[in-house]
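*Asks:* Input: one structure, supplied below.
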Amino acid sequence: MAPAAASGGSSLPSGFSVFTTFPDLLFIFEFIFGGLVWILIASSLVPIPLVQGWVMFVSVFCFMATTALLVLYIIGAHGGENSWVTLDAAYHCIAALFYLSASVLEALATIGMQEGYTYKQYHENISAVVFSYVATLLYVVHAVFSLIRWKSS
C-alpha cells in the first residue's frame, strides 16, 4: 500500500520537474532571498556580532541545506520514499522557525543601528531585514504545503 501512495500526486518530484511543481518551485526563491540575507549582512561587516551571528548562521545553514535538498531532488535521490516527504516537511518547519527568529533579531539590531553606524551599514541591514522576512514567508508557505503533502502521503 505504501508504494502506491508514494507514486501518487503527493510524492516528491525528481529531475527538472522540481522547477515546475508547487511548493518545490519555492526552492529557487528561498535560495535567492536567503543568499541575499547573508550577503548583505556580511557586506555590512556584521556590526552587532552577537545578534547578527545567529542571523548569519540561520541564513547560511538554510542556504546550504536548501541547495543540498534541491540537488538531491533533481538527481532523484529520494526514490519516491515517504521518509523524504517527512524530511522535507520537518526541514521547512524548522527553517521557517529559525528564519522567523533571525528576522526578528535582525530587525531589532537594525533599529538599534539608527545612530552610530555608517549610512551604508544601516541601509544594507534594512535590506537584509526585508529579504529576511521575505525568506521567512517563503519557508512558511513551503512548510505549510509540505505538511499538506506529508499528511496525504
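A Cβ is built for glycine as well, from the same backbone N, Cα and C atoms used for every other residue.
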*Asks:* So that I know how the record lays things out, could you check whether ILE48 and ASN82 fall in the same topological domain in Swiss-Prot, i.e. on the same side of the membrane?
*Replies:* no
*Asks:* Where, among 25-46, 54-75, 126-147, do we find the most CB pairs under 8 A to the transmembrane segment (93-114)?
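*Replies:* Stretch with the highest Cβ contact count: 126-147.
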*Asks:* For the domain 'MARVEL' (18-151), report the average pLDDT of the model, please.
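*Replies:* The predicted confidence over the domain 'MARVEL' (18-151), as a mean pLDDT, is 93.
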